[in-house]
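Per Swiss-Prot, these features apply:
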type: TOPO_DOM; residues: 1-94; note: topological domain 'Extracellular'
type: REGION; residues: 13-75; note: region 'Disordered'
type: COMPBIAS; residues: 35-47; note: compositional bias 'Low complexity'
type: CARBOHYD; residues: 64; note: N-linked glycosylation site
type: CARBOHYD; residues: 81; note: N-linked glycosylation site
type: TRANSMEM; residues: 95-120; note: transmembrane segment
type: TOPO_DOM; residues: 121-132; note: topological domain 'Cytoplasmic'
type: TRANSMEM; residues: 133-158; note: transmembrane segment
type: TOPO_DOM; residues: 159-168; note: topological domain 'Extracellular'
type: TRANSMEM; residues: 169-191; note: transmembrane segment
type: TOPO_DOM; residues: 192-212; note: topological domain 'Cytoplasmic'
type: TRANSMEM; residues: 213-237; note: transmembrane segment
type: TOPO_DOM; residues: 238-250; note: topological domain 'Extracellular'
type: TRANSMEM; residues: 251-274; note: transmembrane segment
type: TOPO_DOM; residues: 275-348; note: topological domain 'Cytoplasmic'
type: TRANSMEM; residues: 349-373; note: transmembrane segment
type: TOPO_DOM; residues: 374-380; note: topological domain 'Extracellular'
type: TRANSMEM; residues: 381-405; note: transmembrane segment
type: TOPO_DOM; residues: 406-571; note: topological domain 'Cytoplasmic'
type: LIPID; residues: 419; note: S-palmitoyl cysteine
type: REGION; residues: 465-487; note: region 'Disordered'
């Protein structure tokens, strides 16, 4: 039984003239004539003028297409079973149930996609290029859920299109636009994940915000080109009945839209994820083997600055510099493994999304061109409606996949449901944590320049380092290191607070590391005393990983006074 047949209302009644009234289902007779009973599809129904069971009939032609009929005549004893009158329309109990189910379905799709968009907007650590593509997917699904599905559900419940021919064409075009944009977004995400897994360390420089914006603009341009075809006349002849509205089944357009909206993107998606699987399998083995050779996994990330003496370097200094080379190798290997594991996990999450997408959309894009080219192979109306709504179901299920597969999205969802959005002031836990006092360990001892004795450098001439931003946890009481003789540079366009939510964490990390490196290379303020006999020059700044407690203990610890005002810095 199709959705339109759910509106069928059967009643038996005797006419005032003694003849049998027609079984009114919106067909050619709701009591309007003759002894012969007629059946049809409900198109428009209004309670009869005199009979208890009379409804406004709708005439039916040989193809069982509906047209407005005449009010039913008087009928005695007419009875309507299992129906409800809503605004003058008679709807069966099953139709009411279908309407409630579709309303819950639409509300779930709207709420889920809104959660995805707000989660990225309110959490800085989720504002990455990959998540921008996910937000674009959520925007397309939200537009579909809010502008297309309500009218589709209304048509299913009423059994006919009640919004006019012009709006039918617009509705069909927006339907194709949103579905195509959603599918192309999944295609873009798969390419982005392949780049992230294949080039995990170079990914921030390869996939920039500017490139992402250009890709998204091209994506929506392609979706618009695919969707405007029927508006420009590439469609079937317009049916005379304005109460009928459906997707265009013209053979040429059906094949074109299926290729551009589904088959080509699906081919790219399958190829990209096959490549992701191959790269992930080989890279994981090589990285894990390298880390095992270097004894264990990363426990802590620290900043080590490799220095060399500008005049007479001691053996101790050269030994310290040589010993850090192994640490640098191990840290880069471990950091690469950690970075790659995050990329691989994100790829797994998005692979689930793509798998569900294929299951939801493949039946529709298989049946549509097949039925257009070979009408005799068309499925029944009921089967086609199930396949049609299965594609819509993809827009509802995408937001449900993220919290089940991504811990970060799950936490963001929970914070939003608890009305906790800390985007403006509170900072997330830093991805990297650098300890400035390890500069002393790398140099083989306290910095000697501008030092009056064997102790640390005087507090009047500290090494200028960027102070950490305010965090949720209180830090140790340390004085802010002044910068002598330097004017604060003006803010650049990228430093405006207005653009803060659109900056990637990797961009902030790179900027802070560069600033830290430049300030360390510049050294402290000019010293009023004689030039130091032994002055060190920074050779490199790197992130190192101690692999066990014993190795971490070999790095010399210093008291707070020996830090030369180097403080823990979040980068």
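Every residue gets a Cβ built from N, Cα and C, even glycine.
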The transmembrane segment (95-120) in contact with the transmembrane segment (169-191), cutoff 8 A, at least 3 CB pairs, sep 6+: no
Number of other Cβ atoms within 10 Å of the Cβ of residue 419 (S-palmitoyl cysteine) across all protein chains: 6
Same-chain residues at least 6 beyond the ends of the transmembrane segment (169-191) whose Cβ lies under 8 Å from its Cβ atoms: 130, 133-134, 136-137, 140-141, 143-144, 147-148, 151-152, 163, 215-216, 219-220, 222-224, 226-228, 230-231, 245-248, 257, 260-262, 265-266, 268-269, 272-273, 276, 350, 353-354, 357, 361, 391, 394-395
Within the topological domain 'Extracellular' (238-250), residues counted as helix, strand or coil by DSSP: 0 helix, 0 strand, 13 coil
Where residue 419 (S-palmitoyl cysteine) sits in the secondary structure, as DSSP reduces it to three classes: coil
